[in-house]
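Everything below concerns the one structure shown next.
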2 protein chains.
Amino acid sequence: MMIDELENGSLGPYQDRPRTFPNMRSKAYTPWVFRVLMGINVRVLFVLLLLAFAAVFYVGASTSPIVVFVLSICIISFLFSIYLTKWVLSKDEGPPEMVQISDAIRDGAEGFFRTQYGTISKMAFLLALVILCIYLFRSTTPQQESSSLGRFTSAYITVAAFLLGALCSGIAGYVGMWVSVRANVRVSSAARRSAREALQIAVRAGGFSAMVVVGMAVIGIAILYATFYVWLEVDSPGAMKVTDLPLLLVGYGFGASFVALFAQLGGGIYTKAADVGADLVGKVEQGIPEDDPRNPAVIADLVGDNVGDCAARGADLFESIAAEIISAMILGGSMAQRCKIEGKVLTNPSGFILFPLVVHSFDLVISSVGVLSIRGTRDSGAKASVEDPMAILQKGYSVTIVLAVLTFGLSTRWLLYTEQAPSAWFNFALCGLVGIITAYAFVLITKYYTDYKHEPVRTLALASSTGHGTNIIAGVSLGLESTALPVLVISVAIISAYWLGQTSGLVDETGNPTGGLFGTAVATMGMLSTAAYVLTMDMFGPIADNAGGIVEMSQQPESVREITDLLDAVGNTTKATTKGFAIGSAALASFLLFSAYMDEVATFAHEPFKQVDIAIPEVFIGGLLGSMLIFLFSAWSCSAVGRTAQEVVNEVRRQFIERPGIMDYKEKPDYGRCVAIVASASLKEMIKPGALAIVSPIAVGFLFRILGHYTGHPLLGAKVVAAMLMFATVSGILMALFLNTAGGAWDNAKKYIETGALGGKGSDCHKAAVTGDTVGDPFKDTAGPSLHVLIKMLATITLVMAPIFL
Amino acid sequence: MMIDELENGSLGPYQDRPRTFPNMRSKAYTPWVFRVLMGINVRVLFVLLLLAFAAVFYVGASTSPIVVFVLSICIISFLFSIYLTKWVLSKDEGPPEMVQISDAIRDGAEGFFRTQYGTISKMAFLLALVILCIYLFRSTTPQQESSSLGRFTSAYITVAAFLLGALCSGIAGYVGMWVSVRANVRVSSAARRSAREALQIAVRAGGFSAMVVVGMAVIGIAILYATFYVWLEVDSPGAMKVTDLPLLLVGYGFGASFVALFAQLGGGIYTKAADVGADLVGKVEQGIPEDDPRNPAVIADLVGDNVGDCAARGADLFESIAAEIISAMILGGSMAQRCKIEGKVLTNPSGFILFPLVVHSFDLVISSVGVLSIRGTRDSGAKASVEDPMAILQKGYSVTIVLAVLTFGLSTRWLLYTEQAPSAWFNFALCGLVGIITAYAFVLITKYYTDYKHEPVRTLALASSTGHGTNIIAGVSLGLESTALPVLVISVAIISAYWLGQTSGLVDETGNPTGGLFGTAVATMGMLSTAAYVLTMDMFGPIADNAGGIVEMSQQPESVREITDLLDAVGNTTKATTKGFAIGSAALASFLLFSAYMDEVATFAHEPFKQVDIAIPEVFIGGLLGSMLIFLFSAWSCSAVGRTAQEVVNEVRRQFIERPGIMDYKEKPDYGRCVAIVASASLKEMIKPGALAIVSPIAVGFLFRILGHYTGHPLLGAKVVAAMLMFATVSGILMALFLNTAGGAWDNAKKYIETGALGGKGSDCHKAAVTGDTVGDPFKDTAGPSLHVLIKMLATITLVMAPIFL
């Protein structure tokens, strides 16, 4: 729809038009939900809202006091995030030329968002229908039948959870973008006054979406959990056990992953196609700086930052947190069950199940403290004293980490203490510490490989001085090499957390230690226990980037640009570290979801399913196909960017030739045309890799189930899918690390040269570095982050679709 | 040593020197073995040789008539290969300027070969000592003790096999290079007369080394097998069973892999560092054509073709064939054992064990026919009628394939026929057919992705028109995408061959079908049943490439250059297809060796070891580390090329600045300096990735063995290594496919543009394509082919080092 508007409405020459930037608002499209809501009186709405909250609290209270605690904290965080928005929106938008640019960015971003999420929601409904059919025709276990969880109930529950997950993921993405398109101009305006104030606005805007994203993941799961608990009369005689409840939440995780995958793919293709296209003609061929108003692709590039980095990353992190909370709940439940049956170690299993929700509630609190610790009042008005923004952010992070260690210890003592294993909580607290240290190690490693203060990026920059070819070879090698340390860290983390869990004193009915896997889950929790602050730092990046673009385009004085450039550089580093953080937690979460999958299959197959034996040819092939899926997915997402970027390059070149006055500021470039090209191309291009990710595990599982049926191998489909999942996870982790780090390093090698090293801007060395940067763009912002989502989605899709393979 | 000569002897300005090219022969270094041999009278030598043959035949005859058959065919092939050399050497070397260039290439190549193999042999002796110590302190099975295969015997046998394998691998490499440095000038001389004659010389020279490489792999294993058979009194009462004999040959495979790995790494780094360095300055910066005599790095580049492509590929293919014969023999033995114990299906197990040797004997025969079918007489003297050389080679390949199908059927009927399962041989013949079809499919897929007649390379070429960045993105995507089809083909091949084997009628003592794995082994045999012809086509490439270089450097007329360019382009395609072929067979062979490893562990541990369960955290970590090993190895081998290429670029730039007359042919460039730089750098750089590949599986196995000891997990080390092996194999296959195909496609996209498409030579589009080509060089000729060797070496190293993990 937006595409039509763009193509029909804004492609004429600019001279004839009153507005400077393409008007993409002409036909304001408001979804009917909003129209209905806006029709209702505000007071009625407020009363309805209060009633809804009361209902939620009532249901929560009849489940467990822990749920009430979690709900309360989430609501307080939402109120806090509203305060943050009000604070950000109260800042001035600067001079009209800035507002004009910001409006163009906002319109482009919101237009694309609407169209993209329209497509995604259609696909989500289609998939929901498929899931419904599968569950209506599945076979159920006698256990389930007895606990009134029949075919129909489980079908509706799964579909409802899926749709809720998809909706929340969508909202998370929207919120991320909503605030960034409003904060960007306020940051650039504040940069005219003070670096510190600009930093503060960007951080608080990022903090707002981080609070909403994390809070929504937590509250969604808490509400689902409480509702199912009350609805299914859990723990009443003959009904379902509370320890089985978390498995019903998997649909939520799948819904979240599904939307996040397409959001990341679509947004990633959009932002990087525009970026690469703009850079290749603007920087390399014409020699004009980044975000120069003469570049016809510059608005598309700035729009891309919002839809790709803000909206997609919001959905991505939402999905990470949801997947990881659910997997930890499942493991907590199954461990509690094992310990209770005969050993009678655990008196109240809810503590083990609800532990992840509490950890993230504390996460919201401590991250708020971290965000508030970054204050702008001190040097407001004094433009000269530019501190290192990284140091300020780092200080906030340190505050958050210290608090995280404390609250994590508190949570373990509160929820994981049992009389029979009195020291177990301490072991689990140590697991949490392992997770926090792992997160920190990931941040350090990512920094080492992507920051130009260190050896690797300097070597890469030096390789640019001998040409484009050696730059690419050095970057690829750097990226491939950078997989080693994170893998070693993850290995040590998994083994030590497993060992701490195993020796915690929790034993199953036969007296075997059984806490190992839960220990790994707690470590994952620990790793993500500062997620909201990390997400804040991540969101900060694209907002600062956009602010820089607006400053550049509105041709502000050099000093203002220096401030936004500084913020932008810091944003690059925080973006890279978030990715390290995301992939580390994805690695741990997938390992947990894999165990959940094994449990699920065992339940359905009425036989133990403990092993995935890769010495069986079919299983080996499953692994081969899993790894291949990662390669193919990366190929398709990179080539989507490449193809779209080529269209942009051709369009930009055409405009420079047809309107020779652009270079002397005599003619206005046609920004709208580039926006239209990337928007329509990225919507088209996101389908193929996305469909591959969803269809292939289902197809492989189904095919091998049939093959197993005819060759007399029971459970062959499930085994092959398990191997596929495991190999895809391993390859996915490595590939994502490679793509993210290589991309980040190329970007910063270019930035290093732009500081004046090795010939500085405009030299041949710089040109080679720009080539590396453009290659790195789809690596680090399209394929890499999509892989994070993909490996978790593979885990949740196999869990949800397990009935097909059995 | 050579380095010193180069640095001291040939770095003065050229004007003062009588020779045009650096004299690297000054201190002719001859190993003492040769000096002793040359000191003996020729007749005495001949008599000694005859006596040796007689002894070999005597030992063979007391083993099995099949061994005699294999030995006879090998000796006939050696005689045939001597005929081919004589034929090639009888051709004229052309005018003195050609001879001069060829001499310089020969001296550089032989000098590097000596130094390189000196280093490798030192490392091999060190490793042999380590193996000896490990085997002297290992624990032995009671079964082994009873069969007189004590600790000492098995230690000496393993070390002897290792050293013999290493020696033969070294000879295979040397032979490949020996003939190519002699044939290149003869091909360029013949190109002045007739395209067909040039083609014939190149093919016959390639055929010579193919015969020697394949023949030596076969005869080495046959001699070892016969010697062990006689020495250990196999099959006599109380002694070892013949079905256990193949396990003793593993050391041979490991020795071959060890040398091949370093040969490939050193040679690959040499050739591509020189190539990239020459291209980046010559083609991109100065705009002079490839192999132009004004480029100071051109001799190093031409030397590199010989040490990298000829010597290394010879060792590589030797190792492929050896590893795959041994693994098939092990599987044949273990299957024969299972079938015999109670089922009494097999009356004579030797047929199953010796089957691979017979297949490769026929391979020698039919490939000789294929090579001879390419004749040069018809149009000799008529320069005009240039046929498509690819069609001629393809015709020869078709002849060979048809013969392969026939002889393969014959071999299965002869050796795999048993009365109790009368149709088994037919099933295995079909397995062979599956292998042959798989090989053909691999060749087709590689061609589709790397030949510019097809869509992918054209798309890649088009992406070059929008700049360096989009070219690289498109190439990376193409490479990643190209992994999909081969994986599907391999999957289908493994499953169908396994199924054919399972349904062959062979059953074990309990009546379970047991031929599945052997079916896969037979398919691998089928795939490699035309190995000698494929190797011929592969060797043809670098010889043609070198001939082109000599023609260009000696400034022959355009028409001569056209002929060698044509041959060179064909050589590129055949090189790419051999790589597809090599990786396909490596995938299958690793799967076989993995099964052998499981058997070996089970024997030592006195308990069944049938499963590798990736749901155990430590095992999962083993897998993660295995995949990481592949990434790190690729990183280090690519960055080695990048670093060395940067040195070359700086040196070439320095020479162009310091000797401005070079560009006008007024001054001679200092070729020797570039040769010295790449030679010393590649020797240094090959150590790190090579050591990584050898040390890491041993270290991981040993560490986890200790961890397992303390946490009460028996066999943990062995399980973790198994997972590591499996994940490394899968990642290695995919990574190698990616690197090989991307590299080949970039190369041909450049060639496509050089045909005049999209602006042709010298355009911006061509420059972008050259960047892609230089990036692809280390991918396809250093890292990619090293990975083929690596995944097989991992399998043999774990087999040989198994005692450490247990």
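Placement of Cβ uses the backbone N, Cα and C atoms for every residue, glycine included.
What TrEMBL records for A:32-60, A:66-84, A:120-137, A:157-181, A:201-225, A:245-263, A:423-445, A:484-501, A:580-598, A:619-636, A:690-708, A:720-739 (among others) is transmembrane segment.
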Tertiary contacts of the transmembrane segment (A:619-636), as residues 6+ beyond its ends and Cβ separation under 8 Å: 612-613, 688-689, 692-693, 696-697, 700, 704, 719-732, 735, 739, 783, 786-787, 790, 794
Contact between the transmembrane segment (A:484-501) and the transmembrane segment (A:245-263) (3 or more Cβ pairs under 8 Å, separation 6+): no
Region pair the transmembrane segment (A:66-84) / the transmembrane segment (A:201-225), three or more CB pairs under 8 Å: yes
Outside the transmembrane segment (A:201-225), six or more residues from its ends: residues with CB under 8 Å to it: 56, 59-60, 63, 67, 70-71, 74-75, 77-78, 80-81, 84-85, 87-88, 91, 161, 164-165, 168, 171-172, 175-176, 178-180, 182-183, 186-187, 190, 245-246, 248-249, 252, 256, 310, 314, 317-318, 321-322, 325-326, 329, 354, 357, 360-361, 363-364, 367-368, 371, 374, 376, 393, 396, 531-533, 535-540, 543-544, 547, 567
Stretch with greatest number of CB pairs under 8 Å, the transmembrane segment (A:157-181) reference, A:245-263, A:423-445, A:690-708 candidates: A:245-263
Long-range neighbours of the transmembrane segment (A:120-137), counting only residues six or more past its ends (CB under 8 A): 151-152, 154-156, 158-159, 162-163, 166, 170, 251, 255, 258-259, 262-263, 266, 694, 800-801, 803-804
